[in-house]
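Peer 1: Pasting in a structure now, in structure tokens, and then I'll have a few things to ask.
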Amino acid sequence: MAAPMAVIRAGVAFILAAGAIGARSQLRMGYYDEVCPAAERIVGDYVRQHVGRVPTVAAALLRLHYHDCFVRGCDASILLNSTGGGGAAEKDAPPSMTLRGFDFIDRVKGLVEEACPGVVSCADVLALAARDAVATIGGPAWRVPTGRRDGTVSSMQEALAEIPSPTMSFPELAALFAAKGLAARDLVWLSGAHTIGIAHCSSFADRLYGNAGAGSNGNAGAGSNGNAGAGSNGNGTDPPPLDAAYAANLRERKCRTAGDAAVEMDPGSHLTFDLGYYRAVLKHRGLLRSDAALITDAAARADIAGLVGSPQEVFFQVFARSMARLSMVQVKTGSEGEIRRNCAVVNSH
């Protein structure tokens, strides 16, 4: 039975992959040009106005988009509220408890709805807003083909299983990315979002105080999370510890207790999209175990070293390419899902 079962599994994987490629192919630039020509301008104008005043919002929107795409694909399921009959939603899972930006997306969606009721999906609004927010603070922009549909299911349990944990090893992280059709290099480049991120002391307390497993549910960096209980080091090799002098400084000034105080993941330039995060990782100053795990893989370490030695434009190019790939993970198109009128609840039919 082993061989037939292997054939069946291979066939299922091929069908799923073909379906994902088919859905992505239905996205296109200018999707709303005829049905809502002002859509992208409305999103961009609002983002530039408000992120320009409060640049920390960029990290929040980027992380919100990242969490959305990792559970059920980029379908705005992260925006749905929990319901009595449907159970707890993604946003109520421990990895999502420090997410911000929900109200921001609601306001943008409201403006788009005023212009074009029932036309533009929450998933597209979130994808566009994340891109525009990063560009607003001087980071890279990337192509965002539109035409996504909104999902109607949001599961806390799925979020717990699928959101990468800050305590994971490189092989574990790479496996989760591969399950979404993303390569190990996408993991390396997308981790660069931590250049504008923050982390709560509780999320790396084990690296400060040696208390394994402490605070596995508390960080809030861009594109990172706090998934409790998923911290085994699958390749048997621990990531390097925090630089001793840096750890001592953090214990004295930022993290006197393993609580929820926030620490910049790229100290000194956390509002600037630059290479500072990667330089910190190479100096063993990456806060999370998952940051340090990047240099336990020889190819990833070489990629990071090469990037740090290159003009910043190279980082912008590879990050933009990986973000474009992330934004098309398991998208819903055509007759799948719906166009939610209110991003927090499914439409009543």
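Any Cβ shown, glycine's included, is placed from N, Cα and C.
As listed in TrEMBL for this protein:
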DOMAIN    26-347  domain 'Plant heme peroxidase family profile'
DISULFID  C36-C116  disulfide bond
SITE      R63  site 'Transition state stabilizer'
ACT_SITE  H67  active site, proton acceptor
BINDING   D68, V71, G73, D75, S77, E90  Ca(2+) 1 binding site
DISULFID  C69-C74  disulfide bond
DISULFID  C122-C343  disulfide bond
BINDING   P164  substrate binding site
BINDING   H194  heme b binding site
BINDING   T195, D266, D274  Ca(2+) 2 binding site
DISULFID  C201-C255  disulfide bond
Peer 1: Taking C74 (disulfide bond) as the reference, which of D68, H194, T195, D266, D274 (the binding-site residues) have a CA within 10 A of its CA?
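Peer 2: Near C74 (disulfide bond), where near means Cα within 10 Å, the binding-site residues are D68.
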Peer 1: Closest of the recorded positions to G73 (Ca(2+) 1 binding site), Cα to Cα, picking from R63, T195, C255, D266?
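Peer 2: Nearest by Cα distance to G73 (Ca(2+) 1 binding site): R63.
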Peer 1: Would you count the other CB atoms within 10 A of the CB of D75 (Ca(2+) 1 binding site), including those on all shown protein chains?
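Peer 2: A count of 30.
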Peer 1: In whole Å, how far is V71 (Ca(2+) 1 binding site) from C36 (disulfide bond) when you measure between their Cα atoms?
Peer 2: 28
Peer 1: What is the set of residues, excluding T195, D266, D274, whose C-beta falls within 8 angstroms of the centroid of the C-beta atoms at the Ca(2+) 2 site?
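Peer 2: Here the non-site neighbours turn out to be G192, H194, I196, M265, S269, H270, T272, F273, L275, G276, Y277, Y278.
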Peer 1: Using a 10 angstroms cut-off on Cβ to Cβ distances, just flag whichever of E90, D266, D274 is the loneliest among these binding-site residues.
Peer 2: D274
Peer 1: Are there residues of the same chain, six or more positions away from D68 (Ca(2+) 1 binding site), whose CB falls under 8 angstroms from its CB, and which are they?
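Peer 2: Correct list: C74, D75, A76, S77, I78, L79, A123, L126.
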Peer 1: If we count other C-beta atoms within 10 Å, could you say which of the recorded positions R63, H67, H194 has the fewest?
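Peer 2: Checked R63, H67, H194; of these recorded positions, fewest Cβ neighbours within 10 Å: H67.
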Peer 1: Among the disulfide-bonded residues C116, C255, point out the residue whose Cβ has the most other Cβ atoms within 10 Å, with all shown protein chains included in the count.
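Peer 2: In terms of Cβ crowding, the pick is C255.
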